[in-house]
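Asks: Copying in the features that TrEMBL gives for the protein in this structure:
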- 352-366: compositional bias 'Polar residues' (COMPBIAS)
- 137-273: domain 'Palmitoyltransferase DHHC' (DOMAIN)
- 317-381: region 'Disordered' (REGION)
- 37-55: transmembrane segment (TRANSMEM)
- 67-84: transmembrane segment (TRANSMEM)
- 183-208: transmembrane segment (TRANSMEM)
- 235-264: transmembrane segment (TRANSMEM)
Amino acid sequence: MSVMVARKKVVRKWEKLPGRNTFCCDGRIMMARQKGIFYLTLFLILGTCALFFAFECRYLAVQLSPAIPVFAAVLFLFAMATLLRTSFSDPGVIPRALPDEAAFIEMEIEATNGTVPQGQRPPPRIKNFQINNQIVKLKYCYTCKIFRPPRASHCSICDNCVERFDHHCPWVGNCVGKRNYRYFYLFILSLSLLTIYIFTFNIVYVALKSLKIGFLNTLKETPGTYPSPELSLTLLTVLEVLICFFTLWSVVGLTGFHTFLVALNQTTNEDIKGSWTGKNRVQNPYSHGNIVKNCCEVLCGPLPPSVLDRRGILQQEESTAPEESSCPRGTVQGSGGQAEAEQKDRSLPHPSASSTEVPTEKQQPSGELPIPPQDTGQAEH
């Protein structure tokens, strides 16, 4: 006999969050949906470092110093740790307004702007906010139904408003904002040092080999550890040099650009829009006027907690699932047994109303008390 049993399913907030993000490990990991270039980043870093550790490091550790592979391993681990921390964390997404909050904000806007005549464009939804004796405009987000905080912007790829939005980086597969910018900066800085390190010691490796057996013989050298005799160790070294050479310009240039932004306490989004330079000629209200103070605030300041509460319990949904009961035949259990008993009761013959005597009570007139029955002399025990 099968019985329907109700079970409660726990629904966490990350399962119902709007936007175009993906979550893993029960909401602990948060990334953008477009992760193809992020996998390419992992492949380039892991592949280049694997070739360097497998071949050049062994030769250089014997010929020069055993500290060469140790320092390379430290740079590699630090770069990977900061990359994963940037990619898997919440960049500072701002929750969207609830329906009641959105309706209240709409009422405030209508009360402030008044009724707009038909056919005219409504005025821009902007609030003025003062920071360090300077007026900063807070813009209204029509998607999130909120007035964005200062320096926040809406990412069109992730479809979320991000606090202190810098840019969306496809190489890390996530937005770069207030909560992961320092890790992004440390990642590109450590990757620049790692690229320069591998590029330099690859050239040193080819130079040491060329001094011993000549440059042409170095190119023709084939170690016995390779499955194919045509594949030369030096050809792999040349491949590493080419990868590092083309990576060097982009990564080192990007590191220099973000070092400039950190020194000014400015974001990429503000630099592109020219918020504090160009025609506006408005002074940056977030800058302390000191490079050291700006760097300390951006890289060493307190990290704000996430306001999403991704793993918080949203509600509990009830789901029914059939279960087989082990009751013997003939016993009544639950609603199924009651149904069988009622069916058996209907099949039995019922006496008619004429064959049974139904005692009738004498109706008392209104206003009179009922007379108790006389005692028949039988005691009740």
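Every residue gets a Cβ built from N, Cα and C, even glycine.
Unlike curated records, TrEMBL annotations are generated automatically.
Any idea what these are sitting next to in the structure?
Replies: Mean model confidence for the domain 'Palmitoyltransferase DHHC' (137-273) is a pLDDT of 83.
Counting residues 6+ beyond its ends, the transmembrane segment (37-55) has Cβ neighbours under 8 Å at 31, 69, 72-73, 76, 79-80, 83, 87, 170-173, 191, 194, 198, 201-202, 233, 236-237, 239-240, 243-244, 247 in the same chain.
Beyond the transmembrane segment (235-264), the same-chain residues lying 6 or more positions past its ends with a Cβ under 8 Å from any Cβ of the stretch are 44, 48, 51-52, 55-56, 184-185, 188-189, 191-192, 195-196, 198-199, 202-203, 205-206, 219, 271, 284, 287, 291, 294-295, 298-299.
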Asks: For the domain 'Palmitoyltransferase DHHC' (137-273), DSSP counts of helix, strand and coil?
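Replies: Across the domain 'Palmitoyltransferase DHHC' (137-273), the residues distribute as 77 helix, 19 strand, 41 coil.
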